[in-house]
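Comments concern the structure below.
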């Protein structure tokens, strides 16, 4: 049976603003099944952002599990991510999921994989999914050669990825944590 797949998730931090954005396309084989899926969420009373790349059905399970870890470790993003990665690697059901998560709060930005990896990206930006390399390249150039806000940077880079990657569209969902606001 073919998997639902194809997405692009990009996270960036600039001037105290943290943004995670994702496109809305869900693909089954060679067919676009949905164009407005939300692959980015707010967790832990809006203080943590999370984006998902992988099979759509797996997203709810992973978001729920990660939220449980955030509650257990009182919002400590790094500790919750490490424990989530351990569970993901060792749990028989979770181990079968092929996915990646980007999670971020005001202090940290991490990628969590089913292999048990927790990666702290360089340069305050990271992208995952089929269009991830395109979004990462565009975001890196924009970060180095523009004064765009984190939100504008994510919007522009995801737009570029949507122009290049057939599994990515321009129907974006974006969540952000501002530098001073009570998001």
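Here the Cβ of each residue, glycine as well, is placed from N, Cα and C on the backbone.
Under the heading active site, Swiss-Prot lists 7, citing sequence analysis as support. In the three-state DSSP reading, residue 7 (active site) counts as coil. Counting every protein chain shown, the number of other Cβ atoms lying within 10 Å of the Cβ of residue 7 (active site) is 31.
According to Swiss-Prot, the Na(+) binding site annotation covers 162, 165, 168. In the three-state DSSP scheme, residue 168 (Na(+) binding site) falls into the coil class.
Between the candidate binding-site residues, 162, 165, 168, the densest Cβ environment within 10 Å is the one around 168. On the backbone, the CA of residue 7 (active site) and the CA of residue 165 (Na(+) binding site) stand 9 Å apart.
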